[in-house]
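Colleague: Below, the features straight out of TrEMBL:
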TRANSMEM  12-38  transmembrane segment
TRANSMEM  50-75  transmembrane segment
TRANSMEM  87-109  transmembrane segment
TRANSMEM  121-140  transmembrane segment
TRANSMEM  160-184  transmembrane segment
DOMAIN    169-255  domain 'DUF6534'
TRANSMEM  205-224  transmembrane segment
TRANSMEM  230-248  transmembrane segment
REGION    301-325  region 'Disordered'
COMPBIAS  312-325  compositional bias 'Basic and acidic residues'
Amino acid sequence: MVEISESDLKTSLGALILGGMVCTGLTGVVAMQTTLYFRLFSKDQFTTKLKVASVAILDLLHTAMVATANYMYFVNNFGDGKVTDNAFWAVGISIALTAVLTVIVHFFFVFRLFKLSKGNYWITVPIAVLAVARVAAAFVTTVELIRLGSFYEFGVHFRWVFTLGLVLSCVVDVLITAGLCFFLRRNRTGSGRFDHILDSVTLYTVENGLLTSVTTIVSLIFWLAKPHVLVYLGLHFAISKLYANSFLASMNARKILRAQSQSQSGSGHRLPVIFTSRIRRHTGQVDFGTAVQITVDKTIDYGTGESPEPVSNDRKHERDHISGV
């Protein structure tokens with residue numbers, strides 16, 4: 001067992017406190033977004049509601065495990081100078097819950113990528129396999145942490161497993177973000193208002209991917225540099241919350257996307273997070289006059305199992321040919 005200095009002990013305990021506080025705060029945001037979803041989209045299909053409910057429940061269970069772990073560190077073992085080497089069962093379970101919640105969100109965005117790429121299995125299947133491998137690494141981490149009960153012993157024998165899980169999580173984030181950005185940019189049409197929506201979605205795709213990736217990378221760096229200092233664990237507490245909020249915000253963003261796509265001007269509400277949609281040409285009519293005008297009736301498929309919502313011809317006349325996203 002490595003000797004833990006007083007400064008490292010304080011740093012570890014401080015990271016656990018801050019991580020727990022951030023974790024609790026973000027859980028409040030998840031609860032708010034979940035409530036908002038069920039109020040705004042009560043007519044969504046049952047499977048969509050089930051996904052949202054599952055994410056919310058997993059997030060709540062994760063917060064309970066974080067609170068339990070901190071109680072063990074700060075109350076049950078108060079005054080123990082070597083307490084930060086203890087890998088309590090609640091810590092192990094929190095890692096498994098993070099992995100399950102993460103893979104749900106990863107698969108949600110992989111499915112968005114699958115639809116946006118028009119069913120490209122060569123791109124989406126490898127990403128899905130990597131996401132499953134990340135979950136497997138997390139489950140091994142959970143089992144061995146609980147069995148060994150020591151971060152030091154785990155680091156000696158299974159350090160590579162936890163490292164692999166964090167690396168795979170980063171890789172999946174980057175691949176999903178890059179894929180979504182590529183296909184969104186490829187579907188630009190030259191139509192100002194439509195391209196404005198795509199630009200907004202692309203921007204928040206990058207921001208969302210960066211947020212989760214950077215947090216995971218920083219956690220990985222601290223794990224590799226100082227595994228006996230629990231800064232990486234405090235950061236890891238927040239990772240699942242970022243994924244949960246990303247997923248729920250993308251679901252709730254449909255309301256803003258509808259308003260933006262149906263507004264008369266190109267400017268308007270900005271999407272809060274990544275949200276992918278398919279806007280495809282439904283019908284076209286040519287009005288012969290002094291200028292050729294194409295009346296475009298768009299259908300917006302929000303990709304969640306709900307019925308598409310048509311946009312009236314009277315609300316939109318564009319001269320550009322709009323191809324489907």
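Even glycines carry a Cβ here, placed using N, Cα and C.
Automatic prediction, not curation, is the source of TrEMBL annotations.
Predicted, not measured: the structure shown is a model, and the values here were computed from it.
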Colleague: At a C-beta cut-off of under 8 Å, are there same-chain residues at least 6 beyond the transmembrane segment (12-38) that contact it? List them, or none.
Modeller: 4, 49, 52-53, 55-56, 59-60, 62-63, 66-67, 69-70, 73-74, 84, 229-231, 233-238, 241-242, 244-245, 248-249, 251-252
Colleague: Averaging the per-residue pLDDT over the domain 'DUF6534' (169-255), what integer do you get?
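Modeller: Over the domain 'DUF6534' (169-255), the predicted model scores a mean pLDDT of 83.
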Colleague: At a C-beta cut-off of under 8 Å, are there same-chain residues at least 6 beyond the transmembrane segment (87-109) that contact it? List them, or none.
Modeller: 51, 54-55, 58-59, 61-62, 65-66, 68-69, 72-73, 127-128, 131-132, 134-135, 137-139, 141-143, 145-146, 148-151, 154, 165, 169, 172, 176, 180, 233, 236-237, 239-240, 243-244, 246-247, 250, 274, 276
Colleague: Using a Cβ cut-off of under 8 Å, list the residues of the same chain at least 6 residues beyond the transmembrane segment (121-140) that approach it.
Modeller: 95-96, 98-100, 102-103, 106-107, 110-111, 113-114, 158, 161-162, 164-165, 168-169, 171-172, 175-176, 179
